[in-house]
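J.: Here's the feature list from Swiss-Prot:
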- 1-9: signal peptide (SIGNAL)
- CYS20-CYS70: disulfide bond (DISULFID)
- 20-70: domain 'BPTI/Kunitz inhibitor' (DOMAIN)
- CYS29-CYS53: disulfide bond (DISULFID)
- CYS45-CYS66: disulfide bond (DISULFID)
- GLU61: site 'Important for the stabilization when complexed with trypsin' (SITE)
Amino acid sequence: GFYFRSIQGFYFKRIQGNICSEPKKVGRCRESFPRFYFDSETGKCTPFIYGGCGGNGNNFETLHACRAICRA
């Protein structure tokens, strides 16, 4: 019911905040995947090249996904 949705929303907001505040991390492999990360200094989703492994949660395949999760 309502209580579960409230708890679920709380955890989603905590996860969302943590992901969006993580720094850009290209990873340690040498692939070249175009991705987007949320730049907390500018408040915008910015393109970068992801190496394919490692990295963190602030790594989105599309601009739309970055904006939707980080509310940019």
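Just so you know, the numbers here start at 1 and follow the chain as drawn.
The backbone N, Cα and C atoms fix where each Cβ goes, glycine too.
Computed from a predicted structure; not experimentally measured.
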J.: Quick one: which of these recorded positions, CYS29, GLU61, CYS66, have their CA within 10 A of CYS20 (disulfide bond)?
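T.: Those near CYS20 (disulfide bond) - Cα within 10 Å - are CYS66, in sequence order.
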J.: Per DSSP, what is the residue count of the domain 'BPTI/Kunitz inhibitor' (20-70) in each of helix, strand and coil?
T.: 10 helix, 15 strand, 26 coil
J.: Given GLU61 (site 'Important for the stabilization when complexed with trypsin') and CYS45 (disulfide bond), what distance in Å do their CA atoms have, once rounded to a whole number?
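T.: On Cα coordinates alone, these residues lie 11 Å apart.
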J.: Does anything in the same chain, at least 6 positions from CYS29 (disulfide bond), have a Cβ under 8 Å from its Cβ, and if so what?
T.: GLY51, GLY52, CYS53, GLY54
J.: Find, among the disulfide-bonded residues listed as CYS20, CYS66, the one whose Cβ has the highest number of other Cβ atoms within 10 Å in the structure shown.
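T.: That would be CYS66, with the most Cβ atoms nearby.
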J.: Rounded to the nearest angstrom, how far is the Cα of CYS70 (disulfide bond) from the Cα of CYS45 (disulfide bond)?
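T.: On Cα coordinates alone, these residues lie 8 Å apart.
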